[in-house]
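In what follows, a single structure is set out as structure tokens and then discussed.
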Amino acid sequence: MPCEGCMERDNMSTGATMEFLLLGFSELLCLRVLLFLIFLIVHLVTLAGNMMVFVAVVMEPSRPPMLFFLCQLSVIELCYTLVIVPKALLSLIVVDGSTISFIGCAVQMHFFVALGGAECFLLVAMSYDRYVAICQPLHYTAVMSGAFCLRLAVVCCLGAFAVALGLTVAVFRLPFCQSHRINHFFCDVPAVLHLACTQSYTPELPLLAACMLLLLLPFLLILTSYVCIAVALFHVTSSAGRGKAFSTCISHLAITLLHYGCATFIYIRPKSSYSPARDKVVSLVYTNITPLLYPLIYSLRNKEIRGILRKMLRRKKTAQLN
């Protein structure tokens with residue numbers, strides 16, 4: 001039942017002192033030590049993997065556009081992990097959950113949505129890169145110039161941060177009920193919306209608009225790129241040539257399916273179907289497992305990354321011998 005705007009005035013006047021309680025995995029007290037160790041190991045491996053890809057790309061003097069976008073993706077994943085995981089680990093140490101201020105919760109939500117949105121836009125840029133490489137190979141160097149790729153990267157980040165700011169402001173202007181207990185390990189949008197003192201669907205409209213801009217629109221653009229790629233490959237007579245061209249898209253397709261699969265499940269649905277336990281499990285995969293898989297997928301599937309890593313290892317061995 002709504003509490004008739006019970007906290008509306010507090011949101012405006014005492015927002016700086018209001019606190020939320022992140023319950024995290026408080027229902028799994030007997031497993032919290034094991035979960036803490038698992039999350040910590042996954043977090044450290046994720047940081048090491050994305051840092052390795054970032055350093056490998058930065059040290060390469062001649063970077064093709066796909067490696068430039070991959071470098072940006074690694075930076076996004078590094079920031080993404082640092083925004084979410086430390087507070088999640090803290091919620092496992094503190095038995096009754098960890099507190100987060102009103103402003104801290106808003107900042108965490110903003111950066112989480114902004115980084116996730118930047119990743120969505122970046123996946124569009126990467127799909128456009130594959131489209132130009134396969135469908136317009138003679139114009140690839142001219143179209144995907146360094147300046148154009150840099151502009152794409154800046155637009156991806158600025159666009160995502162603008163949408164995230166609008167969504168965060170809209171969510172935290174809502175009146176919240178007496179309970180400030182967020183049944184999650186970070187300030188995710190559906191979990192915070194669940195505390196809003198309203199039964200109407202109006203508070204969900206900003207989330208719906210953000211999903212349209214950050215999820216649906218990028219997905220349609222990616223789908224369009226791959227439809228054009230499929231049409232172009234259909235006209236390739238050599239099966240070897242078709243397979244070679246398609247193999248350059250597998251890594252991007254795998255990451256796109258992982259990212260959009262989890263994000264669509266969490267955000268594109270009505271508030272009435274919200275399930276804290278189910279959302280936490282999916283968010284766990286979304287915020288911990290997928291960032292871990294990204295560098296593994298690209299390290300195994302991208303021959304340029306493998307080549308750079310081999311050169312780095314050879315340099316290290318040579319330095320050790322000298």
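From the backbone N, Cα and C atoms, a Cβ is placed for every residue, glycine too.
Database features (TrEMBL):
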type	residues	note
TRANSMEM	33-59	transmembrane segment
DOMAIN	49-298	domain 'G-protein coupled receptors family 1 profile'
TRANSMEM	66-94	transmembrane segment
TRANSMEM	100-128	transmembrane segment
TRANSMEM	148-172	transmembrane segment
TRANSMEM	207-234	transmembrane segment
TRANSMEM	246-269	transmembrane segment
TRANSMEM	281-300	transmembrane segment
Residues of the parent chain within Cβ reach of the transmembrane segment (281-300), under 8 Å, 6 or more residues beyond its termini: 39, 42-43, 45-46, 49-50, 52-53, 70, 73-74, 77, 80-81, 84-85, 88, 184-186, 188, 251, 254-255, 258-259, 262-263, 265-266, 306, 309
Considering the transmembrane segment (207-234), which listed stretch of 66-94, 100-128, 148-172 counts the most C-beta pairs under 8 Å: 100-128
Within-chain partners of the transmembrane segment (100-128) [C-beta distance under 8 Å, separation at least 6 from its ends]: 11, 15-22, 66, 69-70, 72-73, 76-77, 79-80, 83-84, 87, 149, 152-153, 155-157, 159-161, 163-165, 167-168, 171-172, 182, 186-189, 192, 210, 213-215, 218-219, 221-222, 225-226, 252, 255-256, 259-260, 263
Segment-level pLDDT (mean, integer) for the domain 'G-protein coupled receptors family 1 profile' (49-298): 84
